[in-house]
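*Asks:* Please read through the structure below; I'll follow up with questions.
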Amino acid sequence: MNARGLGSELKDSIPVTELSASGPFESHDLLRKGFSCVKNELLPSHPLELSEKNFQLNQDKMNFSTLRNIQGLFAPLKLQMEFKAVQQVQRLPFLSSSNLSLDVLRGNDETIGFEDILNDPSQSEVMGEPHLMVEYKLGLL
């Protein structure tokens, strides 16, 4: 009903949403939907990719559940607090950190992996001006 008490004369009008293109050949509407991000639409390239990305997280969960079953709730809570404390301690932003204490807590200090050989700090891709990097980290820039 409109202000005069009469119904709309355009009963068979088409809504605006149906006027937009749809289907496999639809063009992306930047004004209504914003920029499209291809990264979110991609599927993992290999079935093992997701497993490899979450390997350390799954390993930690398994270790914590085993530790909880053996020693109770205190042991995994203590280890998780130590993990948080160790992850917060870092070097200056322009220096690479090996995070040796985190490796010791996880038990990775006795193993040799490809990251031990191929992760040479002198060949790092991220080399910047030390003063600028510290100022950025402290929020001065």
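Placed from the backbone N, Cα and C atoms, the Cβ positions cover glycine too.
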*Asks:* Candidates are Lys33, Lys39, Lys78, Lys84; I want to know which one Swiss-Prot annotates as SUMO2 cross-link.
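*Replies:* According to Swiss-Prot, the SUMO2 cross-link annotation belongs to Lys39.
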*Asks:* Quick one: which of 68-72, 108-112, 128-132 does Swiss-Prot have down as motif 'High-affinity association with the preproteasome'?
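*Replies:* Of the candidate stretches, Swiss-Prot labels 68-72 as motif 'High-affinity association with the preproteasome'.
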*Asks:* Run through the motif 'High-affinity association with the preproteasome' (68-72) and tell me, per DSSP, how many residues are helix, strand and coil.
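*Replies:* Residue counts in helix, strand and coil order: 4 helix, 0 strand, 1 coil.
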